[in-house]
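Enquirer: What follows is a structure written as structure tokens; I'll ask about it next.
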Amino acid sequence: MLVSWDHPKMLPRLLGFLALSLLACGNPTIVSRKEWGASSLTCRVPLSLPVPYLIIEQVTRMQCQDQITCSQVVRVLQSQYVHNKGWCDIAFNFLVGDDGKVYEGVGWYVQGLHTQGYNNVSLGIAFFGSKIGSPSPAALSATEDLIFFAIQNGYLSPKYIQPFLLKEETCLVPQHSEIPKKACPNITPRSAWEARETHCPQMNLPAKFVIIIHTAGKSCNESADCLVRVRDTQSFHIDNQDFCDIAYHFLVGQDGEVYEGVGWNIEGSHTYGYNDIALGIAFMGNFVEKPPNEASLKAAQSLIQCAVAKGYLTSNYLLMGHSDVSNILSPGQALYNIIKTWPHFKH
């Protein structure tokens, strides 16, 4: 369970640490993935450094006070994220135990899965193991050391923004500016899945419709598999369907990530009569009987909100299922039952 900084005992502790200078910090003790017994890292989407954001959260209900127990907790967390949520690894870049040690998550160079819209521009740090609901002085000190280390070594911008604040508007270390009101989800670019170069007609923007689709093939839960799935889809659409490019504007994996198809500015090939006026968003997989997971649904909704905010989609858009405008099973009944509850849906 993740919580924000609203615990009544947290403020006095944090205020004490605000008096400390980051210049006085030392190097953190980092327990490596090998040391805590991590399963193989399968998240491979790189993080562009230094990142401008720092996200700090807390994992509750799992206590530990020493490295052996805390390592076991981190292994359990990794297993939960991979097997229950279908993600490619543990959600955070680093975790800080109540024993005062830092545990390597996906590390410095790989995107985490902690905060939709910020995974590609932030370091995600999570406290865990506390008995009383707020981090121990040792954990707070270790986090301060970790932040200082990240800045000194070029992983975190010296002018970083910390979006999540205390209700009293105090945070672990001074924040530097306001959080933007809305942030777009991380979109894995065409270059990451090694897209073939194409030259297709331009989109008529802003789009007036959103059409939700499923690919009807296999789903993917890990970024490496999703990258292959998108690349294979493009090849099938070009070589077998004689399309100009991959049919969809964007694809969403069960890893909770959005993958760029033809993108915002190019016509899709997903729905006859709508390709130049509708954004086609495809969930990778078959969702006739079972719906997509929560992470992928949130990613798609965030993408739609982003499209409106960026001017790619009109604010009074209509959202439809693929089957509403084509004689086809897509997006599958299980997914259709969900999207018909979304804003702007029109049967």
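Even glycines carry a Cβ here, placed using N, Cα and C.
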Enquirer: If Swiss-Prot is the reference, give me the range from 84-89, 228-233, 270-275 marked as region 'Interaction with murein'.
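Expert: Spelled out, Swiss-Prot records region 'Interaction with murein' over residues 270-275, not the other listed ranges.
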Enquirer: Just to confirm what the record says: which one of Asn120, Asn186 has N-linked glycosylation site annotated in Swiss-Prot?
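Expert: The N-linked glycosylation site feature in Swiss-Prot corresponds to Asn120.
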Enquirer: Which of these links to Cys306 by a disulfide bond in Swiss-Prot: Cys184, Cys200, Cys220, Cys226?
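Expert: According to the record, the bonded cysteine is Cys184.
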Enquirer: List the residues of the same chain that sit at least 6 positions away from Cys244 (disulfide bond) in sequence and have their Cβ under 8 Å from its Cβ, in sequence order, or write 'none'.
Expert: Thr198, His199, Cys200, Pro201, Ile238, Glu267, Ser269
Enquirer: According to DSSP, which of helix, strand or coil covers Cys200 (disulfide bond)?
Expert: coil
Enquirer: Note down the number of other Cβ atoms within 10 Å of the Cβ of Cys184 (disulfide bond), including every protein chain shown.
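Expert: Cβ-Cβ neighbours of Cys184 (disulfide bond) within 10 Å number 18.
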Enquirer: So which one is it: of the disulfide-bonded residues Cys200, Cys226, Cys306, which has the fewest other Cβ atoms within 10 Å?
Expert: Cys200
Enquirer: Using DSSP, would you call Asn120 (N-linked glycosylation site) helix, strand or coil?
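Expert: Its secondary structure by DSSP: coil.
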